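J.: Just lifted these from TrEMBL, have a look:
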REGION    1-20  region 'Disordered'
TRANSMEM  30-50  transmembrane segment
TRANSMEM  62-81  transmembrane segment
TRANSMEM  101-117  transmembrane segment
TRANSMEM  137-156  transmembrane segment
REGION    199-223  region 'Disordered'
COMPBIAS  199-210  compositional bias 'Polar residues'
TRANSMEM  290-313  transmembrane segment
TRANSMEM  325-351  transmembrane segment
TRANSMEM  371-393  transmembrane segment
TRANSMEM  497-516  transmembrane segment
TRANSMEM  528-548  transmembrane segment
């Protein structure tokens with residue numbers, strides 16, 4: 001029996017005998033995964049090889065591969081859209097859990113910023129068109145087309161459970177997912193190289209110079225290259241698209257998660273075309289809250305922006321101000337992480353009194369959310385543990401070392417307790433999903449009586465039941481519904497907690513995503529591990545930490561809606 005024919009009880013159809021086409025489901029998935037892995041490994045090899053000057057892989061090779069992948073993925077998406085438009089029966093079911101509105105809205109927002117980045121890139125490379133390869137100008141144009149086509153595709157098709165050309169669809173989705181991950185890796189490597197050049201320039205160290213847009217072209221170095229970015233408009237374009245890289249990174253990851261859920265839903269059988277689950281019709285922020293969480297979160301958000309601006313100004317200025325900037329940066333993060341840890345713990349305590357039933361139904365979207373939260377947190381865990389070892393073993397006992405150690409410990413605690421809170425929240429049923437068994441202390445709660453005389457025979461019942469006017473279409477009988485007054489304080493607290501954590505995660509995403517690197521400004525780890533090893537650790541692990549923050553924001557928004 002294939003997995004599609006054994007879905008969870010309340011969602012899927014009872015399993016008929018599997019057809020030969022459906023028996024090949026695991027084989028089709030394996031084929032698509034192998035395709036994606038091989039394509040992704042090829043892309044990663046070229047991208048990572050192109051980041052080093054001593055490797056004879058040029059940036060034009062990387063751009064050519066990425067452009068070809070985006071063209072093929074866009075063509076497949078167009079084929080998918082035409083096929084589903086001509087054959088409405090190709091999508092008999094739609095998964096209500098997949099592609100929530102806030103996820104698609106975030107995808108559109110990051111997609112727009114990516115389009116702006118592509119405009120800046122095109123302007124930058126066009127500034128010295130005479131000595132540029134045509135692929136460098138073509139690449140951002142093709143990427144803009146790919147982003148537009150993919151965003152439209154995911155907006156209208158994220159919930160699809162397609163039932164035609166199953167193996168072809170799985171391979172197409174996996175290839176598109178691999179394309180997004182390759183774009184993500186290229187952006188991360190380019191941004192890391194830019195950070196490395198900034199650090200090398202500020203410290204007079206050129207031994208770690210790697211590939212940048214101007215540093216490596218078909219057999220030349222930056223010093224020998226006549227095509228330098230010297231005009232003011234060219235420098236604006238160059239700085240602009242580097243600042244927009246975080247949005248491109250998040251767009252690729254958002255698209256990858258949505259494509260994975262679509263891949264899991266290929267050939268899936270549901271009970272109805274509407275799916276099964278809680279799909280709120282209205283999302284209203286700050287509704288039914290105590291306003292303490294949003295107000296405190298907004299306060300920390302504003303203070304965090306001020307701290308980030310102050311940090312960037314002082315670190316890029318005179319070296320004497322770096323220590324003061326680090327003290328302010330670490331102090332803010334310690335306060336913010338400490339509050340987030342306490343708030344997450346209080347949310348978990350509140351759930352001990354929550355009477356909503358746990359939702360154990362099969363849900364690919366929730367399974368992916370939990371896996372991404374746990375996996376992405378490993379990046380920040382790794383950086384924190386490396387920092388703890390460096391501070392405890394090799395650092396002098398001063399204020400900066402104490403702040404660094406406290407920051408690393410709180411980072412581990414905050415990720416742990418926030419994950420516990422979010423994961424438990426995602427597994428709770430929607431409001432009103434209390435278990436059917438009533439507590440023994442309240443025997444009358446939730447019982448409906450057609451005979452009012454029966455109420456007097458029950459002990460400890462409220463003396464005055466609430467009468468409800470029956471439906472005109474039902475028999476004209478008096479119906480009394482005994483209902484205990486609902487306590488909304490738990491829901492209000494959970495909404496406050498989710499909004500507070502959401503705003504804090506946004507500011508903790510902005511700081512590293514837009515260039516805050518205390519890992520290098522604070523020389524404790526650099527002196528202990530050496531620049532090469534420490535830069536490799538940070539450049540590999542930090543992108544996962546940045547992605548964790550944005551993914552936590554989308555998960556907390558869902559927690560707010562479900563609370």
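Placed from the backbone N, Cα and C atoms, the Cβ positions cover glycine too.
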J.: For the transmembrane segment (62-81), find every same-chain residue at least 6 residues outside the stretch whose CB is under 8 Å from a CB in it, and list them.
T.: 39, 42-43, 46-47, 50, 133, 135-136, 138-139, 142-143, 145-146, 149-150, 153, 157, 169, 172, 175-176, 178-179, 182-183, 186
J.: For the transmembrane segment (371-393), find every same-chain residue at least 6 residues outside the stretch whose CB is under 8 Å from a CB in it, and list them.
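T.: The answer is 257, 401, 404-405, 407-409, 411-412, 415-416, 419, 422-423, 519, 524-525, 528-529, 534, 537-538, 540-545, 547-548, 551-552, 555.
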J.: Are there residues at least six beyond either end of the transmembrane segment (30-50) with Cβ under 8 Å to its Cβ atoms? List them, or say none.
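T.: Apart from its flanks, the transmembrane segment (30-50) reaches 57-59, 61-62, 65-66, 69, 167, 170-171, 173-175, 177-179, 181-182, 185-186, 189, 211, 216, 263.
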J.: Below 8 angstroms Cβ to Cβ, which residues of this chain, lying six or more residues outside the transmembrane segment (137-156), approach it?
T.: 63, 66-67, 70-71, 73-74, 77-78, 80-81, 99, 104, 107-108, 111, 114-115, 117-119, 121-122, 125-126, 129, 176, 179-180, 183, 251, 255, 258-259
